[in-house]
Amino acid sequence: MCRRAEDLVLLLIPILFGYFSHASEHECKCVLFNVTSGNFHSPEFPAPLEGVPCLFYHFQAPPDHIIRLTFDVFQLPPRIGVCSSSIMLFDHSTDGLIEFGERADFEFCGKEISSGRQFFSKDQHFLLQISSGKESSRGFRGSFLAIPKKNFTSDAVEMAECSYRVEKQKAIIYSPDYPYYYPSKVNCTYHIPQRKGFQIVVNSIVMDIGRDAILQIFESVEGKFEKRLIEMVTSVQKSIYVSSTSSLLIYFSAGNNDVERAVGFVIELQYSNAVWSQSPETASECQLNINSENFKEGQLSSDKIGRFTSSSLPTKCQIVLQGYPNEKISVKFTHFNLYVPDNKNVTKRCTEVDNLSADVRVGSRLSRIDEWCGKRAPPNLMSSSNLLQLEYNTKSSKAIRESTNDDIGFRLDYKFHTDWNMGNMKAKVDKKKECRFSFNSSEHTNGKLWSANYPGLYPRNLYCEYIFHGRNDQVVHIHFEYFDIEGFNQCDETTQSDYILFSNYQTHDRTNRRFCGKTAPKGPILSESNYFRMIFSTNDIFDATGFYAHYQFITQEKSQISRVKLTISSSQTPFSSFFLVILLFTFRYIANIF
């Protein structure tokens with residue numbers, strides 16, 4: 001498709017950005033992106049796009065990789081019957097070549113590509129064709145990334161063609177060719193064998209099957225031939241959750257997918273062995289399990305828990321709140337006053353007096369948040385997974401507690417939820433991302449934003465994105481009113497710090513520093529353009545109360561100089577940047593000749 005231009009400069013300088021070829025018959029030029037990540041945009045962006053009759057962008061990944069394109073800006077003249085200007089995507093080429101006149105897999109114009117939309121190639125080549133008439137438009141901008149195909153390999157043993165057996169404690173299975181759309185007429189089976197003392201939990205991460213497809217889950221007992229249908233998924237269903245102590249067989253029949261091009265499914269499978277239930281010896285002391293299958297929200301009081309209602313002895317009680325795999329748990333204390341003898345000092349340690357501790361599940365282990373005693377009430381708590389455990393330890397007897405005139409004990413409200421409880425932030429929530437919020441100036445020119453569970457402790461192992469989209473002539477100001485992010489120094493991995501990072505790109509931006517600690521950034525944070533991204537990342541070690549900020553889209557005067565910034569990889573030396581500039585000017589010179 002793209003041929004190397006016979007030019008001395010191109011022969012001497014390694015190609016960092018791409019190269020042009022002159023097709024004498026069809027007058028198409030081609031730019032090759034042969035690095036693993038970077039940014040792309042319409043010619044001369046942010047200057048208007050016009051008068052580009054035929055230009056190809058060829059994205060080439062290493063072998064056994066695929067290409068992902070992500071758009072953050074897309075605005076061409078609108079479709080009036082047909083597109084006067086458009087981009088066409090060819091996502092299935094095996095060698096980077098297409099035939100003249102070959103029909104594209106996708107054609108877009110107007111505002112038909114929303115911000116954040118992603119496209120995947122089937123193999124290592126992805127071709128994007130630009131065709132622009134005389135009518136000017138804003139153009140487009142995005143990022144590309146080469147991804148190893150092995151990232152989408154099912155955690156299962158392939159017994160025959162598209163027939164798998166799951167043998168791991170926890171596994172993820174993918175539909176054929178995911179994240180590319182699955183082929184038509186394919187039939188696949190996934191066998192999850194029974195394990196004594198375990199239940200199998202099936203939870204969908206992605207569920208997008210076409211109208212002609214069907215996914216069925218059958219239950220059977222090992223050693224027996226009969227099976228029972230327990231779940232049937234069609235195109236209208238976007239999620240599944242199934243648990244069983246028997247063997248499971250997942251059967252997928254694709255039907256025809258040539259037109260609809262559904263991407264299929266990503267399903268998480270896990271053997272759950274009642275880790276959180278107690279042995280008869282310990283369970284007899286005090287154990288309370290609250291499951292979201294029965295109660296999505298409710299209240300709890302310490303004087304209603306287990307042996308606290310009758311025992312006169314010191315004891316401890318575990319309260320386990322467990323939801324579905326896609327749920328989180330929030331806890332808010334409405335009363336907290338634990339008994340403390342007059343001769344005890346609880347300013348430093350709570351272990352010698354009545355206390356309450358909280359743990360959350362991180363991976364396969366429980367991680368302690370903190371412990372509280374006296375009248376120091378816990379902050380609002382939120383888990384990042386589907387399990388949160390409280391443990392109430394009493395050193396005092398019931399008689400001593402009741403002898404006081406104080407209201408001894410605690411009361412709390414709990415809630416199971418699938419979102420981050422941030423609906424009041426007036427942001428658009430990306431359902432395909434775990435924690436992504438978008439702010440568009442067409443809806444609100446200013447507003448507030450905050451960390452999950454603010455003003456309580458933010459969850460652990462969190463990665464949240466706050467995306468800002470303004471008009472062409474707008475930038476974004478962000479000003480922090482409250483800032484408490486656990487960390488210090490450079491806020492990097494060596495200090496095990498949580499952090500906030502700002503970026504003007506969708507890919508990783510090393511030019512912007514991280515922020516953490518208790519000191520907010522000085523003055524407002526200002527974006528370079530109308531697109532801005534704020535990242536909030538937490539680890540699984542420590543906690544803090546997060547941040548509260550306000551944002552505003554501000555209209556600026558248009559620059560007298562049109563500046564173009566081309567970024568292909570995350571790092572370039574001054575030497576390579578110098579030759580890149582020479583190369584770009586050479587391309588323009590060649591283009592003018594032809």
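Every residue, even glycine, has its Cβ placed from backbone N, Cα and C.
Now, the feature entries from Swiss-Prot:
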| type | residues | note |
| --- | --- | --- |
| SIGNAL | 1-23 | signal peptide |
| TOPO_DOM | 24-571 | topological domain 'Extracellular' |
| DOMAIN | 28-147 | domain 'CUB 1' |
| CARBOHYD | ASN34 | N-linked glycosylation site |
| DISULFID | CYS83-CYS109 | disulfide bond |
| CARBOHYD | ASN151 | N-linked glycosylation site |
| DISULFID | CYS162-CYS188 | disulfide bond |
| DOMAIN | 162-272 | domain 'CUB 2' |
| CARBOHYD | ASN187 | N-linked glycosylation site |
| DISULFID | CYS286-CYS317 | disulfide bond |
| DOMAIN | 286-417 | domain 'CUB 3' |
| CARBOHYD | ASN345 | N-linked glycosylation site |
| CARBOHYD | ASN355 | N-linked glycosylation site |
| DISULFID | CYS435-CYS464 | disulfide bond |
| DOMAIN | 435-554 | domain 'CUB 4' |
| CARBOHYD | ASN440 | N-linked glycosylation site |
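Positions of Swiss-Prot features highlighted on the structure.
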residue: ASN151; record: N-linked glycosylation site; contacts (Cβ under 8 Å, 6+ apart): none
residue: CYS162; record: disulfide bond; contacts (Cβ under 8 Å, 6+ apart): PRO176, VAL186, ASN187, CYS188, THR189
residue: ASN355; record: N-linked glycosylation site; contacts (Cβ under 8 Å, 6+ apart): LEU338, GLU371, TRP372, CYS373, TYR392, ASN393
residue: CYS435; record: disulfide bond; contacts (Cβ under 8 Å, 6+ apart): TRP420, ALA452, LEU462, TYR463, CYS464, GLU465
residue: ASN440; record: N-linked glycosylation site; contacts (Cβ under 8 Å, 6+ apart): LYS428, HIS469, GLY470
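Around CYS83 (disulfide bond), a 10 Å sphere centred on its CB holds 19 further CB atoms from the protein chains shown. The DSSP breakdown of the domain 'CUB 4' (435-554), given as helix, strand and coil counts, is 3 helix, 55 strand, 62 coil.
It is 65 Å from the Cα atom of ASN345 (N-linked glycosylation site) to that of ASN34 (N-linked glycosylation site). Of the ranges 162-272, 286-417, 435-554, the one with the most Cβ pairs under 8 Å to the domain 'CUB 1' (28-147) is 435-554.
In terms of DSSP secondary structure, the domain 'CUB 3' (286-417) contains 13 helix, 64 strand, 55 coil. Helix, strand and coil counts under DSSP for the domain 'CUB 1' (28-147) come to 0 helix, 62 strand, 58 coil. The number of other CB atoms found within 10 A of the CB of ASN34 (N-linked glycosylation site), across every protein chain shown, is 17. Among the recorded positions ASN34, CYS286, CYS317, the residue whose Cα lies closest in space to that of CYS109 (disulfide bond) is ASN34. Distances between the Cα of CYS83 (disulfide bond) and those of the recorded positions ASN34, CYS286, CYS317 are shortest for ASN34. Cα of CYS286 (disulfide bond) to Cα of ASN34 (N-linked glycosylation site): a span of 62 Å. Helix, strand and coil counts from DSSP across the domain 'CUB 2' (162-272) read 0 helix, 57 strand, 54 coil. Looking only at the domain 'CUB 2' (162-272), the predicted model's pLDDT averages out at 89.
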